Amino acid sequence: MNTIEMLEFLLTSRVVLDAASRGVSEIVELCLKHYPELMWDTDFANELIKEIVKGRHVELFRLVNAHNPISYLADEDFSAEISLMEAVTNWPPRCVPLDVSGAAFLMQRELQWFQVVEASSYPSSKRMKFQVHRRTYWEDFVEQHKKLHKEAGQWMKDTSSSCSVVATLIITVAFAAAFTMPGGNNSNTGIPIFFMNSSFMVFVVADALALLCSITATLMFLAILTSRYAMEDFLLSLPRKMILGLTFLFLSLVSMLVAFGSALTIILSERLKWIYIPITLLAAFPIVLFAILQLPLYIEMVESTYWPRIYRPQKLWK
């Protein structure tokens, strides 16, 4: 086929649209790379964006939006704006991204989709009437996502409750350790016996950090548990509190293990000079294990909240 025949085939055969609907980015990228003229057809471009939004395919959205910004397409045709708002208000149960940490962050992703489509319209489509049910698009979005909203709230509550229990245990241990110094105190002056030992200063600082960080983490999780759980809160407010709570919980865990290792070093170093090596390795094992198990999910939370991929510009090929 020559170029004109190939363009005609791609515009009429729905090959690109079906690939976009199923998230097959390789086919869409290949066609747009060799035939960028496809995006000159307004009807095709509108339909392509609609299929991508319906399927919630982030990478494809970034790719197509780099060719023709969604705001430009909406400005060209008011019916395209209506079509996109209808697509984004519907919740597709089959579209559960693999890079989402839980129901709360899935709710966040849905709010981001609504936000990016709404931002392309003027005036705001959030207050426009949904023609079938005579509700605004935002009201219809809330209605369609009612089940996901409930699951997201329950996920936040369960996660916060579990983490707050761990933080409370660390508070108890760190507070008790602050008054039971390794080696005891001088009976005459009350000064700790190992006060001049460098490992003792490490113990004191680490124990203080463990206590303060665990208290802060508990307060953050308490703030989550007492939140109103409105749908808009899942966009930034609740995810930020969860990220801060997990951050301080991890810091308190690390500080507690450092304090534990330094306390053992103080007690045993007089007899075994090399004891700090195995103690350091053993204390680092839970930290490394925790990082391996939780760090990928934590990074996804931070990325989704502070630098979501759906808003990032896509670099086109050379």
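Heads up, the Cβ atoms here are built off N, Cα and C, so glycines get one too.
The domain 'PGG' feature in TrEMBL is assigned to 154-265. Marked as transmembrane segment by TrEMBL: 163-180, 200-225, 246-268, 274-299.
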How do the residues of the domain 'PGG' (154-265) split into helix, strand and coil according to DSSP?
86 helix, 2 strand, 24 coil
Distant-in-sequence neighbours of the transmembrane segment (246-268), which means Cβ under 8 A and at least six residues beyond its ends:
163, 166-167, 170, 173-174, 177, 182-183, 194, 197, 199-200, 202-203, 206-207, 209-211, 213-214, 216-217, 220, 275-276, 279-280, 282-284, 286-287, 290, 294, 298, 301
List, by number or range, the same-chain residues at least 6 past the transmembrane segment (163-180) whose CB is under 8 A from its CB atoms?
207-208, 210-211, 214-215, 217-218, 221-222, 225, 245-246, 248-249, 252-253, 255-256, 259, 263
